[in-house]
């Protein structure tokens, strides 16, 4: 059986994980998160393909290119969660099962972070568990895909 192919998208400023506001986002780097996801994916008979970009259009293009290439998407859109209709529309357009994750609990933060444009078009959202948000999101996505 072929492993499931999961696109993992990391949005703006996530390249600074480990340095940026460790009290909010923790001390784990993006490279470490990607490594943990790759390990977890192997155990779940899946493979992850991570991409980080600070540019909305790059993320939209990656979502479009996922069609026919990946079975699902795991996304931490960062600040674009609260601002990007383009990401929301791209996810809706490709209609691939997608899980939204956040390291911090976006509902315990500033009011403007309480709204997600992405949440209505994904199968689930996990926030507030630090690095575990990614791992739980991956588990949930794979379980959904395996039906």
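Cβ coordinates are placed from backbone N, Cα and C, and glycine is handled just like the others.
The active site, proton acceptor annotation in Swiss-Prot covers 25.
In sequence order, 76, 81, 125, 126, 127, 128, 133 make up the list of same-chain residues 6 or more apart from residue 102 (active site, proton donor) whose Cβ falls under 8 Å from its Cβ. Here Swiss-Prot flags 102 as active site, proton donor.
Look at Swiss-Prot and you will find 76, 82, 89, 103, 104, 113 tagged as substrate binding site, backed by sequence analysis. Classification of residue 103 (substrate binding site) by DSSP places it in coil, neither helical nor stranded.
In the three-state DSSP assignment, the secondary structure recorded for residue 20 (site 'Transition state stabilizer') is coil. Sequence-distant neighbours of residue 20 (site 'Transition state stabilizer') (same chain, six or more apart, CB under 8 Å from its CB) are 13, listed in sequence order. As annotated by Swiss-Prot, site 'Transition state stabilizer' applies to 20.
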Least Cβ-crowded entry, counting other Cβ within 10 Å, from the binding-site residues listed as 89, 104: 89
Where the record names 76, 82, 89, 103, 104, 113 as binding substrate, the maximum Cα to Cα distance in Å: 24
Neighbouring C-beta atoms (10 Å sphere around the C-beta of residue 103 (substrate binding site)): 22
